[in-house]
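Novice: Okay, handing you the structure first.
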Amino acid sequence: MPVPNAFALIPFLVFISIYLGTGLYLELSGVKMGFYQLPGPVAAGVGVATAFLLFKSDLSKKFDDFLAGCGDKNIMTMCTIYLLAGAFAVVSKAMGGVEASVNFGLSYIPAQYLAAGVFVIAAFISLAIGTSVGSIVSLGPIAVGLAQQSHLSMPLVLAALMGGAMFGDNLSIISDTTIASTRTQDVAMQDKFKINLYIALPASILTVILLLIWGQPENIAPIQIHDYSLIKTLPYVFVLTLALLGVNVFLVLFSGILLSGAIGLYYGNFTLLSFGKEVYSGFTSMQEIFLLSMLTGGIAFMVAREGGIAWVIAKIETLIVGQKSAKIGIASLVSLVDLAVANNTVAIVIVGEISRKISLKFGVDRRESAVILDIFSCVFQGLIPYGAQMLILLGFAKDSVSFLDVVVFLWYQGLLGLFTLIYIFSSTYSGAILKSLEKR
């Protein structure tokens with residue numbers, strides 16, 4: 001066990017400071033999406049260089065440690081899943097899966113339940129495609145138009161869209177956050193999904209009830225529904241079903257890519273050659289998080305070897321008296337880092353190793369630590385005014401709505417956080433959920 005050493009954390013602090021500092025400076029300078037202008041891997045690269053400069057072992061040993069971290073089994077597994085998930089998402093969208101899913105949802109949502117309908121459709125889309133941003137971009141213009149036509153509160157509709165998008169982002173088995181949380185904690189995706197669902201479902205049901213009560217439009221505007229093919233929604237259902245049945249995630253995603261490709265070829269959405277290009281486009285869409293995860297894995301290994309992670313755990317230990325406070329410690333860590341870097345996946349990757357070691361030391365079920373990491377990163381990502389989700393969301397309203405207008409209606413994020421805290425502090429609630437998993 002390395003000797004605790006606060007000095008060893010400097011590379012991590014440099015990485016976060018550059019990422020955070022650049023984002024703050026650009027935001028204050030009036031640059032749109034300031035926190036997303038500097039690619040994460042560049043900031044991580046500076047952190048790597050700092051580690052090489054500061055740590056005292058010989059150069060070849062530092063390279064060995066760095067490459068061991070980059071090539072760690074969990075890191076490489078996570079990165080490979082990123083590539084396959086990206087390919088599945090892009091191919092499915094190219095063959096019309098997202099558009100078909102949106103129109104399918106709109107065709108079954110009564111106009112008088114518009115706000116609740118937006119939440120449900122956003123949740124389904126995000127669950128299917130694994131990204132809250134994708135769900136917001138797909139539904140944003142439609143939701144804004146419907147809110148204007150029906151004279152329904154624009155902030156309420158936007159908040160419903162945000163809540164549904166974060167529901168899917170948190171639960172989807174092809175979401176970056178799910179991949180990162182399950183791989184850093186070394187647990188099965190379906191186990192994390194089931195525990196997560198027990199927490200998120202009550203929060204989502206209460207949110208829908210609130211939206212049904214407070215989201216009645218003044219005018220019932222007709223919803224324009226375009227033609228769609230139900231077959232094009234099948235890959236999403238197929239992937240989710242296989243994942244929940246416990247089929248190997250690589251096989252699930254690979255099969256999903258082939259199914260989406262076959263449907264796209266049948267309907268003439270692309271040729272065999274363009275199908276290959278869409279697959280590669282999916283790979284490149286995950287380039288940033290792939291490189292960031294790999295580089296962060298290298299930094300984490302070097303920092304751990306020098307005693308940095310041991311120092312963090314030693315300090316956290318002074319505040320932890322048992323499993324419950326250990327879970328709160330994990331929740332606090334990922335929340336604070338997400339507030340700093342405005343990227344929930346990056347936050348999980350940064351604190352994942354520390355959280356896993358805290359879980360092992362204090363007897364926290366690693367399935368629970370994966371859920372806590374994912375939930376709290378998504379809760380805060382859906383609340384911060386400088387996150388990509390909120391910036392894009394407000395952009396659709398064309399400056400007619402402010403963050404403060406929307407935040408008071410972000411009921412889902414608040415309820416999700418509340419139910420997770422109940423799960424953490426109620427042994428009866430958490431015990432019943434874990435016991436139900438063991439029975440299956």
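For all residues, glycine too, the Cβ spot is worked out from N, Cα and C.
Residues or ranges marked as domain 'Na+/H+ antiporter NhaC-like C-terminal' in TrEMBL: 72-215. Taken from TrEMBL, the feature transmembrane segment covers 6-26, 38-55, 75-92, 113-140, 152-174, 195-215, 235-268, 289-314, 326-351, 371-397, 409-434.
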Novice: Within the domain 'Na+/H+ antiporter NhaC-like C-terminal' (72-215), count helix residues (DSSP H, G, I), strand residues (E, B) and coil residues, in that order.
Specialist: 126 helix, 0 strand, 18 coil
Novice: Which range wins on Cβ pairs under 8 Å with the transmembrane segment (235-268): 75-92, 152-174, 371-397?
Specialist: 75-92
Novice: For the transmembrane segment (38-55), give me same-chain residues lying six or more residues beyond its boundaries with a C-beta closer than 8 angstroms to one of its C-beta atoms, as numbers and ranges.
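Specialist: For the transmembrane segment (38-55), the nonlocal Cβ contacts are 7-8, 10-12, 14-16, 18-19, 22-23, 26, 62, 66, 288-289, 291-292, 295-296, 298-299, 302-303, 306, 341, 343, 346.
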Novice: Kindly state the mean pLDDT of the domain 'Na+/H+ antiporter NhaC-like C-terminal' (72-215) in the predicted structure.
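Specialist: The average pLDDT of the model in the domain 'Na+/H+ antiporter NhaC-like C-terminal' (72-215) works out to 86.
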